Amino acid sequence: MARIELEGIQKRWGPVWGVRDVNLDIKDEELVVFLGPSGCGKTTTMRMIAGLEEPTEGTIRMDGELVNDFDARDRDVAMVFQGYALYPNMSIYENIRFPLRMRDVPKAEHEKLVREAAQLVELEDYLDRKPGALSGGQRQRAALARAIVRKPKVFLMDEPLSNLDAKLRHAMRVQIKHLQRQLRITTVYVTHDQIEAMTLADRIVVMDSGLIQQIGTPDEIYSDPANTFVASFIGSPPMNIVSGVIENRTFRSEGIEIPELQIDHSGPTSFGIRPEDCVVARDASRPSHFRGSVYGVEPTGDLTYLTMRAGDKNFEVKTDRSYRADLGAEERIAFDTERMYFFDTESGRRIT
Amino acid sequence: MASIRRTGGEKLWIRYLILGAWALFCITPALWFLSIGLRPRTEIITPQPIYWPTFSLDAWHMLWSDWPMAKYLRNSVAAIFGSVLIDLVLAIPAAYSLARYEYRGRDDIGFYILSTRMMAPAIVAIPIFFLFRNAGLLDTVWALMLIYAAVNLSVVTWIIRSYMLDIPKELEDSARTDGASDLRILWEIIIPAIRPGIITAAVIAMIFAINEFLFTLLIASTPKAYTMSVALANFTGGSDGVIYNAIALVAFLAFIPVFIVVVAIQKHLSRGLTLGAVKG
């Protein structure tokens with residue numbers, strides 16, 4: 001159990017910036033996900049919390065105590081790595097026991113603690129095996145068991161699921177969330193997968209180029225993105241963002257016209273709308289905002305992805321499962337006017 | 001289908017033939033030595049070819065009764081194992097430092113260590129002789145241990161380093177967050193993980209040490225510190241002339257342990273040699 005405060009954290013290797021400026025207050029028992037593309041500084045920030053990297057500037061506090069000068073082994077954090085990092089020469093039992101031995105937990109308790117941890121991840125039957133004899137999912141669970149065995153103050157998870165296939169990833173995601181709730185341990189989770197972030201997080205920290213772009217609950221991040229980066233990083237397929245101009249409360253871009261806007265802004269503007277907030281308007285009497293030609297139709301079973309094209313830009317629309325159209329056909333699209341986003345074209349910052 | 005299988009079979013056949021011939025070519029000297037070593041001395045120097053050699057243990061008996069062979073053997077074993085032990089104790093921490101820590105001049109130091117190997121041994125022979133004389137170590141097994149260890153240290157360090165570079169950094173990060181100190185990480189995580197590398201390096205050092213001749217001759221001036229390789233040279237001179245069967249037998253006996261070890265670990269050995277060669 002711990003609260004983690006990061007203040008003015010920077011990390012530089014010579015001229016190369018890893019993290020530019022991170023300020024973050026992680027509450028006790030919270031599960032915070034760092035989300036961003038590779039190279040955005042999310043793993044570096046986590047490694048600084050772990051004590052595996054030293055910040056160039058800034059302070060890290062755990063439960064109010066300054067831990068900048070604490071070595072990784074004195075911070076009482078447990079980390080799960082992308083490649084599992086199981087010790088290949090030790091059995092799973094010895095792997096899970098390793099942190100207990102290193103931290104001088106009385107020997108008499110080892111057996112009980114290891115079995116408890118193994119049971120939590122359903123791995124009791126594999127304790128005698130070497131890591132090499134386990135499947136990817138089992139290795140991942142062994143790594144989890146090793147992290148939870150000594151009930152650390154903080155869990156750090158660095159893309160723990162990225163080496164697993166999609167089905168297993170879903171199962172492990174549910175298990176990780178369940179464990180975290182059950183053990184009530186403050187957790188920082190790093191991923192580039194927005195689905196993982198949305199499903200796991202109490203709060204998401206979206207990062208790019210070493211800077212925090214937005215901090216918020218999954219809901220806030222999804223429905224109230226602070227800028228075009230966050231808007232286009234979250235969602236699958238991502239938000240459509242089109243640059244155009246607002247004049248006389250009307251936004252215009254190639255194929256798009258949205259009149260009667262309720263915002264006081266004019267000049268170059270980027271407009272964004274999520275694929276699920278667009279409707280195909282075949283009924284000519286219905287108002288529509290966008291005209292283009294059908295570029296691709298992808299049925300997935302439960303819904304159909306429609307890709308429209310206007311000029312040289314693609315535009316994604318989620319339609320219902322029965323939608324079909326010929327390539328090149330003209331189609332009119334109406335937007336949910338309650339769910340439109342406008343961004344400053346230059347800075348990318350949200351206007352409304 | 002059938003024709004494909006037949007051509008495959010033919011190819012396999014040819015492969016076995018070529019490899020078998022090569023193996024025979026390689027092993028023939030050893031078998032030849034064994035054959036000479038187990039024949040009476042008179043038979044070896046006859047000019048006529050002999051098709052049915054006479055079996056004799058003359059050379060074997062002579063080795064143990066006329067020469068202090070047991071002592072030579074003891075010296076060899078002590079010097080070789082002692083030197084390998086010294087090498088491992090020094091090379092493992094050095095390799096770990098070179099492979100894992102970041103510090104100014106690290107790569108230069110790595111190069112200096114390797115560069116000791118680039119010198120022809122004869123160049124340093126005289127200074128080394130004086131060094132050991134002044135230290136009062138001439139004619140001792142200790143000196144042999146030290147000199148073998150010094151000659152091999154660079155290679156052993158580099159082989160072990162290349163194995164360490166192969167260990168994912170995550171493993172150490174993980175051990176560190178689990179609460180392990182640097183020394184425990186080295187002892188409990190790194191060393192077990194690179195055991196094949198350590199064995200390879202030790203065997204390579206051992207082979208070098210068994211074959212070492214120049215420095216041994218220089219340092220061991222009396223039978224007190226003679227090893228097998230120098231003892232061999234003694235069979236060529238003296239009042240008895242060149243004792244071919246004894247030479248052959250000693251050479252064969254020296255070959256056996258190396259042969260067994262190399263066969264046992266050949267998979268690791270080839271990996272160790274190529275890794276050491278390719279990794280910078």
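Glycine is treated like the rest: Cβ placed from N, Cα and C.
The transmembrane segment annotation in TrEMBL covers B:12-34 (among others).
Residues or ranges marked as domain 'ABC transmembrane type-1' in TrEMBL: B:73-265.
If you look up TrEMBL, you'll see B:77-99 (among others) marked as transmembrane segment.
Summarising the annotation, TrEMBL assigns transmembrane segment to B:111-130 (among others).
Residues or ranges marked as transmembrane segment by TrEMBL: B:142-160 (among others).
Summarising the annotation, TrEMBL assigns transmembrane segment to B:198-222 (among others). For the transmembrane segment (B:198-222), the list of distant contacts is 75-76, 79-80, 83-84, 87-88, 91-92, 121-122, 125, 128-129, 132, 137-140, 143-144, 147-148, 151-152, 155-156, 159-160, 163, 191, 228-230, 233, 254, 258, 261-262, 265, 268-269, 271-273: same-chain residues at least six beyond its ends, Cβ to Cβ under 8 Å.
Long-range neighbours of the transmembrane segment (B:242-265) within the same chain, counting only residues 6 or more positions beyond its ends whose Cβ lies under 8 Å from a Cβ of the stretch, are 30, 32-34, 36-41, 44-45, 58-60, 62-63, 67, 69, 76, 196, 199-200, 203, 206-207, 210, 228-229, 231-232, 235-236. Per TrEMBL, transmembrane segment is recorded for B:242-265 (among others).
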- Beyond the flanks of the transmembrane segment (B:77-99) by 6 or more, those residues with Cβ under 8 Å of it: 106, 109-110, 113, 141-142, 144-149, 152-153, 156-158, 160-161, 164-165, 186, 190-191, 198, 201-202, 205-206, 209-210, 216, 227
- Query: Short question: which residues 6 or more past the ends of the transmembrane segment (B:111-130) have a Cβ under 8 Å from it?
  - Reply: 94, 98, 138, 147, 150-151, 153-155, 157-158, 214-215, 218-219
